[in-house]
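Some features that TrEMBL has for this protein:
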- 26-45: transmembrane segment (TRANSMEM)
- 65-86: transmembrane segment (TRANSMEM)
- 107-131: transmembrane segment (TRANSMEM)
- 151-171: transmembrane segment (TRANSMEM)
- 183-200: transmembrane segment (TRANSMEM)
- 220-238: transmembrane segment (TRANSMEM)
- 259-283: transmembrane segment (TRANSMEM)
- 313-339: transmembrane segment (TRANSMEM)
- 360-380: transmembrane segment (TRANSMEM)
- 392-412: transmembrane segment (TRANSMEM)
- 432-453: transmembrane segment (TRANSMEM)
- 459-480: transmembrane segment (TRANSMEM)
Amino acid sequence: MSNVVEVLGGEEVNASGHKDELARQYGIWSLCGLALTIDNAWVALGGSITVSIFNGGPPGILYELLVACIYYGIVATCIAELASAIPSAGGVYHWASVTPGPKYGRALGFFTGALNFFGWMFDLASIMQIAASIAVQLYAVFHPDLEIQAWHVYVAYLLLTVVCSSFCIFYNRLIPKLQDAGLFLVIVGGIITIIVVVSMPEKHASNAFVWTDWDNQTGWSSGVAFLTGVLNGAFTIGTPDAITHMAEELPNPKRELPIAIAAQIILGCLTSFFFAIAILYGINDIDAVLNSNGAFPLAAVYSQATNSKGATFGLLLIIFFSVLICLVGTFLTVSRIWWSLARDNATPFPKFFSRVNHKLSCPIPSFILCTVFCAALGAIPLGSKTAFQDLVGSFIILTSTSYACAIAPHLFTGRKNVPFGPFRLGKWGFPIQAAAVLLIVFFNVMFCFPYAMPTSVSSMNYNSVILAGVLALTTVWWFIHGRTKYPGPKVAAPDEPEDIFQYALSRLFTDDLRNQHGEVSSILSYAPSSPSWPPIQLSLADVRSESDRARFAHYLWNASVLTAEIISGPGRQDREAKT
């Protein structure tokens, strides 16, 4: 199946309505590798374990993760359907522009794009924070007297930011092979880690400690503590739209994206759950883990489980390389989001940020902006005790809100404004989408609760403030620029090139559809003179349907452009060839 859906002015146009500018270099395996390494579920869980363990202890970690898996499994199903219908580097931004219809789509898409971009920037910063903490901890394993300072981590943070960004820019064509290796590392590295942590301890934690000893240290009731703790599980597997932003670098995105999304969610949930069980059984002294003065407290778990500096270093090294590959994929995701917004004139300096270096197949200006922004966000933990939680929470709330902005209009318009792709939910679409929207609203409210009670300025949850700030900033930019200069994303026809002519004629309004006797008919057939063309059917369209009216206007405009090109051709022979 071709990835091109239309030909305008001699140029192939993809499903996002733009000419291809990036090489379609990812196969299904490298795509799945990219999905799993961006998600990096078991590593993300390990990086946040000392945060999540306060919300119920070990049982809280396990059961909150399971709830998050169900939650994001439902959301991912909705995203997979939209990705199969409209594969675009803009992802949810593009879908939110289409699902409400033309009346509200332009404004909603504008705000959705901002929410999605800022959310992914916070995710990039949180993962970079984990990588920097691991880097410092690797040194501290053999230097136990080192007093780790916040600035140590920030220096490592800056170095890793530059290294990962530079690799993405100058070695972009190697990334598919890197993701193949990442797929191996995430799966095999996770299995090795689980085996080592399970087999080496002289003494394991009790079954009660892992499964039933509820330990709520938040100051909230157990119910509230459990629901707010789902945030940590959401951070573990909450990246279902990540690879959708690579749609324009795939040979067959409509079929491949749903497969990769399913692989990401299923394998991410399984690896993170079994990893959590393994490390919890390996803990002998929970207080030593919680009070660890290291940069990466999971090292204390590894040290207790293995009782070996060499083994601890080796296990940390597996996580470190996994996170580096994850950072490469996350940089790709966030840069593609900004680039797709810029080419639709939604950002400041859109002509600059929409540039692509075709030799490197990379939007370099977009990468530079994301690199600088990431470096700035890394300074936040220098002055805040809850900075990591705020980065994680903001990522989850902003991205999930952007998902709702695409899913909810699709639901409320009766799922009529999107031409379905190969993956379609059918009759299950309405209940699944309704569940996704309700879950997003409910958990986003819970994730804005203070992390613990009583709270203070230094330990407050600022996720709601960050959400309001992003919306306020986007509103200002909308009135300065978007309201008059932002046209919205292009929406190309959903069909393949060989179907375009037939599809264009199959959507006519009732008043124009009459048989040879002048009578309105439900279906008419026209047999072209060329034997190589199949009969064309003309069918009724609903004049009340915005999608039917939009498609009719879309093809009428394209026919006018093509007619003008034929008339203005250099000669009769050329005009006949075009005809």
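Yeah, the Cβs are placed from backbone N, Cα and C, and that goes for glycine too.
Note: TrEMBL annotation is automatic and uncurated.
Against the transmembrane segment (26-45), stretch 259-283 shows more Cβ pairs under 8 Å than any other of 65-86, 107-131, 259-283, 459-480. The listed stretches are 65-86, 107-131, 392-412, 432-453; of these, 65-86 has the most Cβ pairs under 8 Å to the transmembrane segment (259-283). When Cβ distances are compared across the two stretches, the transmembrane segment (392-412) makes no contact with the transmembrane segment (313-339), since fewer than 3 pairs at least 6 residues apart fall below 8 angstroms. Away from its own ends, the transmembrane segment (183-200) comes close to residues 29-30, 32-33, 36-37, 40, 42-43, 267, 271, 274-275, 278-279, 281-282, 301-302, 305-308, 311, 315, 318-319, 321-322, 325 of its chain (Cβ-Cβ under 8 Å, at least six residues beyond either end). Only residues 6 or more beyond the boundaries of the transmembrane segment (459-480), in the same chain, are considered here, and those with a CB under 8 A from a CB of the stretch are 107, 110-111, 114-115, 118, 122, 348, 385-386, 389-390, 393-394, 397-398, 401, 447-452, 486. Under the criterion of 3 or more C-beta pairs below 8 Å, with sequence separation of 6 or more, the transmembrane segment (107-131) and the transmembrane segment (360-380) qualify as touching. Counted over residue pairs 6 or more apart, the CB atoms of the transmembrane segment (65-86) and the transmembrane segment (432-453) come under 8 Å in at least three pairs, which marks the two as touching. Counted over residue pairs 6 or more apart, the CB atoms of the transmembrane segment (360-380) and the transmembrane segment (220-238) come under 8 Å in fewer than three pairs, which marks the two as apart.
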